[in-house]
Amino acid sequence: MFARWISPGSVRLTLLLWLLTVTVALGSASELKVRVRLADGQITDELLEADSERDSITVEFKQGDGTLITFVADFKQDVKIFRALILGELERGQSQYQALCFITRLNHNEIIPSESMARLRQKNPQAIRTAEEKRSTEMLSMNVAVNLTRTWQLSAHIHNMCSVAREAVYTREADVRHWLDRGMEGSMFEPQAVEVPGLQSCGTVKDLWQPCSCSYNLRLEWYPCLLKYCRNRDVSGRGSPYKCGIKSCSKGYQFTYYVPHKQLCLWEEET
């Protein structure tokens with residue numbers, strides 16, 4: 001399995017990004033655009049979309065280096081999907097974009113429900129947001145490749161999100177065991193050699209065509225992670241809770257996976 005490089009073709013890259021965004025957003029019930037400060041100090045426009053009917057949330061933003069990050073939480077299937085469209089290095093023989101997709105289980109209370117997200121409004125759209133809580137980076141060994149032709153049973157969002165990545169769609173062995181226990185087809189998954197003895201990190205490999213273990217880092221800089229509750233008190237002093245806002249979080253992820261040659265993991269040279 002290897003990461004797919006998207007050929008430029010005759011379609012402009014701006015149109016490609018627009019089409020990918022529209023594909024993910026189909027059926028969305030509401031959207032919210034917020035201005036977010038990234039870790040490098042740059043400001044980006046982040047789009048949050050809630051689809052109450054499909055019970056899902058999409059978060060999308062562009063990093064300072066031009067990488068387009070898309071995150072989908074599928075509450076119906078308890079699945080979360082990360083997609084990165086990474087700028088290529090043309091001077092080193094790469095095409096414009098490299099696409100990666102990572103799929104893991106969605107745990108309870110990671111992000112607010114879709115119906116709550118759909119009701120979010122902001123008083124000051126020009127305000128620059130920073131997360132109230134910075135959560136630690138989660139280290140994920142993505143040692144299983146995913147066959148896109150069978151992912152409809154896992155989540156209806158995966159094909160739309162990850163079709164551009166093709167052979168670069170990964171998940172974890174622990175998540176696979178959980179999904180197999182739920183009756184998913186085992187033919188959807190193909191183990192990868194991430195932790196084979198002797199397999200070096202791409203950052204230490206000199207030969208661009210040597211297989212290695214690649215790590216990709218991303219951070220969701222701002223997303224509503226929890227609902228806040230306040231209390232109304234009546235004349236007797238008794239209180240009744242009600243939703244009165246959200247708590248925002250920032251969380252990092254490090255995905256480690258196998259690549260057949262270092263050429264597909266050049267960003268490791270910069271770390």
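Note: Cβ is positioned from N, Cα and C throughout, glycine not excepted.
The signal peptide annotation in TrEMBL covers 1-29. For 30-179, the entry in TrEMBL reads domain 'Out at first protein BRICHOS-like'. Here TrEMBL flags 202-269 as domain 'Out at first C-terminal'.
On the 0 to 100 pLDDT scale, the domain 'Out at first C-terminal' (202-269) averages 89 in this prediction. With DSSP states grouped into helix (H, G, I), strand (E, B) and coil, the domain 'Out at first protein BRICHOS-like' (30-179) comes out at 27 helix, 66 strand, 57 coil.
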